[in-house]
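Colleague: Can you keep this structure in mind? I'll have questions shortly.
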Amino acid sequence: MVLIRVLANLLILQLSYAQKSSELVIGGHPCNINEHPFLVLVYHDGYQCGGTLINEEWVLTAAHCDGKKMKLQFGLHSKNVPNKDKQTRVPKEKFFCLSSKNFIKWGKDIMLIRLNRPVNNSTHIAPLSLPSSPPSQNTVCNIMGWGTISPTKEIYPDVPHCANINILDHAVCRAFYPGLLEKSKTLCAGILQGGKDICQGDSGGPLICNGQIQGIVSVGGDPCAEPRVPAIYTKVFDHLDWIKSIIAGNTAATCPL
């Protein structure tokens, strides 16, 4: 029986794919080194998440990725052979939709992090654009991260893996996730046939559609990549006003209802 879970390895999510004998994921591939300058590795106390650089001083990730002694790495591709322009920062401030940090509430799994100092744009570090409009159904989008590449074993790659998935009708997710509201501020995305999905270790990572961040990895099935069990992503477009207000200095801004 497939169980619902917050895709976290003790508070974290990761991309998940079934493996081929070549050690590549089914339907996915190791990301090109120049394919993800906005991708952030968020980690604390042995846990890891993904994140997205949206300007030189701000990162978007999932609320359930929060933790003490958090660090963020930028410009990272291979964990074993870091790029020369890799940079590390820590949070200066964190902002959440709910003061209780109750990220389980659909559409509230979002955290905006202000860095202790801006990063310097470089060959492997550059921000990703916020959405200009929401994605339509059947849009092909990209997921990526250093998460486990097996749905049944925790096998973490040295470099992030990338795969394409589709924006699906919200009804597909509502059929599996009890309590998911029709108008919740989330996106339903995946492959109905299974085989490509997010999994443990990539919570907070981006769902990228047409060169813009449209979603934040939030919740998925267990095991990962099961047929007709897509994942849920916090919908960035519905939080644009909140994000822009916080960045502009209005720290009292409230999230959409």
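Even glycines carry a Cβ here, placed using N, Cα and C.
Found this in Swiss-Prot, in case it helps:
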- 1-18: signal peptide (SIGNAL)
- 25-248: domain 'Peptidase S1' (DOMAIN)
- CYS31-CYS162: disulfide bond (DISULFID)
- CYS49-CYS65: disulfide bond (DISULFID)
- HIS64: active site, charge relay system (ACT_SITE)
- CYS97-CYS255: disulfide bond (DISULFID)
- ASP109: active site, charge relay system (ACT_SITE)
- ASN120: N-linked glycosylation site (CARBOHYD)
- ASN121: N-linked glycosylation site (CARBOHYD)
- CYS141-CYS209: disulfide bond (DISULFID)
- CYS173-CYS188: disulfide bond (DISULFID)
- CYS199-CYS224: disulfide bond (DISULFID)
- SER203: active site, charge relay system (ACT_SITE)
Colleague: Which one is closest to CYS224 (disulfide bond) in space, judged by CA to CA distance, out of the active-site residues HIS64, ASP109, SER203?
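Modeller: Checking each of HIS64, ASP109, SER203 against CYS224 (disulfide bond), the shortest Cα distance is to SER203.
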Colleague: If you run the three-state DSSP split on CYS255 (disulfide bond), which class comes out?
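Modeller: Where CYS255 (disulfide bond) sits, the three-state DSSP reduction gives coil.
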Colleague: Going along the chain, which residues six or more apart from ASN121 (N-linked glycosylation site) have their CB under 8 A from its CB?
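Modeller: Correct list: GLU56, PRO127.
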Colleague: Cα-Cα, whole number of Å: HIS64 (active site, charge relay system) versus ASP109 (active site, charge relay system)?
Modeller: 7
Colleague: Give me the CA-CA distance between CYS31 (disulfide bond) and CYS173 (disulfide bond), in Å, as a whole number.
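Modeller: So the Cα of CYS173 (disulfide bond) lies 27 Å away from that of CYS31 (disulfide bond).
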Colleague: By a simple count, how many Cβ atoms lie within 10 Å of the Cβ of CYS173 (disulfide bond), its own Cβ left out?
Modeller: 23
Colleague: Round to the nearest Å and give the CA-to-CA distance linking CYS199 (disulfide bond) with ASN120 (N-linked glycosylation site).
Modeller: 30
Colleague: May I ask which of the recorded positions CYS49, ASN120, CYS141, CYS162, CYS188 is closest to SER203 (active site, charge relay system) if we compare their C-alpha atoms?
Modeller: CYS49
Colleague: Averaged over the whole of the domain 'Peptidase S1' (25-248), what is the pLDDT?
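Modeller: In the predicted model, the domain 'Peptidase S1' (25-248) has a mean pLDDT of 92.
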Colleague: Whose Cβ, among the disulfide-bonded residues CYS65, CYS97, CYS255, has more other Cβ atoms within 10 Å than any of the rest?
Modeller: CYS65
Colleague: Just checking, which of CYS162, CYS224 (disulfide-bonded residues) has the fewest C-beta atoms within 10 Å of its C-beta?
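Modeller: Counting other Cβ atoms within 10 Å of each of the disulfide-bonded residues CYS162, CYS224, the minimum falls on CYS162.
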